[in-house]
Amino acid sequence: MTAREQEYRELFMAEALEYYESMSRHLSELERTPDDVPALNELFRLMHNLKSNARAMGHTAIGEVAHSLETVFGLIRDRERAFAGPLVAVVFTGLDELGAMIRAVGADQPLPDAAALLDNLARVARGDEPVLPAPAPADAEAPAEEDARKLELSDLVYIQVRKLDKLLNLVGELVIDRDRILTLAEEIGHPALQATARHLFRISDDLQYSVMDVRLVGVGVLLNKFPRVVRDVATAEGKEVELSLGGQDVQIDRNVLQIMTDALLHLVRNGVSHGLEAPAEREAAGKPRVGQLRLLALTERDDVLIEVADDGPGIDTEAVRRKAVERGLATAELAATLDEQAVWAFLFEPGFSTAAQVTDISGRGVGLDVVKRALDSLGGQLRIASVLGQGTSFTLVLPTSIAVKGALLVELDGRPYAVPLLHTDTVLALRPDEFSVVGGLLLAHVQGQAVPVVPLRELLHAEGTEALPAADKTLLQGPQQVLVVNYNHRRLGLLVDQFLRQQNIVVKALSKPLDAIDLFGGVTLLGSGQVCLVLDVPALTRLFVARRA
Amino acid sequence: MNKRILIVDDSFYMRTMLKNMLTDAGYEVVGEAANGQQALEMAASTAPDLITLDVILPDNTGLDVLRGLRQQSPNAKVVMCSAVGQEVIVNEAIENGALAYIVKPFSEERVLEIVGSALRGDAA
């Protein structure tokens, strides 16, 4: 069953049970006041809906009974039949049987046979006498009566996200204690304790994924809001735009989607106002008048990608490069050495562009730093692809869930640190002679690219606004462990003492006064009970850029 | 430009199914109304190109809503939705300016065919 079929089935069941309950109530009202017109109208309407929905779901037997009951209600409403005599008994039996049929659908059981009921409903519709069963002895009838009058509650519950957040936090705590118990059990070496700890591990793992699963929503809940946005911006700007959506069924944590809402709104608006040319301009360039904008969600390993792509003019890399220098985001010398990707990344820097340049192609950066901030808060990444004259695509790489993060554990000065995998590029062991020093910067050559390298210790101990000490190759003794991290297309090598392992971590917010230090994204507890700080790669990169010698 | 559609139906299940069909086909569903009053308010605020209108709404207002919509939003095309057995109301609806009707339970092809031709202005 597809996700959509499952959704239809759940909606059908929830609504059918709701209709059944309302109809039972209205039928009792009708019994007290046989000419209660509003009650009759409601009975007719609800039965009509149940009929339509049952037929759409392929439950023809329910549809048939509902249709016959609807006909009888119609006749009563039109005063061709009275709600009196044997008709009342047939209608009540009919509604009870309908309830049993709905319950059978919900329980995946065969539906009870309704031939006798349909025959009686046809009889009362024609005005004939129904065939009613002879009254059974009172004691024999009781259990059947009880069974038919069960109270039904809907199978769906609505939950506030706040409650799910609390549940997720509790699971996070549980997972940390579980790892601790597992480690202790191994240390103590008691077989029964070890077995129990392993069982606890499996159960809490299952619990964690179940809680994460409950929080997932289809990306469509957000994407489906964009046709309106695109239409409004296009109308205001005199653009002709065709929007295509894809991947609405891709599942993502509700809060991740919530955090990205504004960012996506900016990207889409930007795509229409700056990513697509005016119709006349497009025709002059030999393109169709109507610009194409695509919003596509897909999954890649554990991540969810949301792509915003246009078939507009593409990014004018040289214009962005010039502007980055004008805005003081890079020196002319540095800007000249940057590749396309690194230049494009300037679009998402705060202060790259101002409203005065909105009409300029290179002015696409208006407000795009919002995108970067939202991505940073989730540990997400941005991919940019652009071909001059053909179009641009921005891809948001998002974690499916915020609960657990993959991380690489490294050691420095006897302490463990966790680095989120989303930001780690590669790990290297290099000899001192494999480094070079240029302008006070230590450089390593990674896949043909010169990557600046800095001892992690120097970044963590940087004080005030002092520049980092100039690199000195002679201080490097023996093989060096380099962790290459990646942020906003900028790579940076961090020297650490050793690599420990890769593992999933549950990140907790820092308590005071550590939260004043913005180099850490949070803290996690390792199975050994050791506290491990989680490095904030964007903050480290910014610190390095600001303080390099 | 994507055509904009308002769905009026008192069943959430039915609205969801219609919305999925129309959205998948590239239409923009600008609103979903569950009763007559909501339908008139949403039609006024969203100015849809087309409205799918269930004939049987709470308070028995399907036809009243149709007449209200024709007055209030004369440019919006209206397609009636109805299950079999409501031919009398459907005929009255057509006399009151509805362009076409879709019979429930509907197939995706049929919905798109009727909505498409109503928007183009052909007879369905």
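The backbone N, Cα and C atoms fix where each Cβ goes, and this holds for glycine too.
In TrEMBL this protein carries:
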DOMAIN    A:1-105  domain 'HPt'
MOD_RES   A:H48  phosphohistidine
DOMAIN    A:197-402  domain 'Histidine kinase'
DOMAIN    A:404-546  domain 'CheW-like'
Cβ-Cβ neighbours of A:H48 (phosphohistidine) (radius 10 Å): 27
DSSP-derived helix, strand and coil totals, residue by residue, for the domain 'CheW-like' (A:404-546): 27 helix, 75 strand, 41 coil
A:H48 (phosphohistidine) in three-state DSSP notation: helix
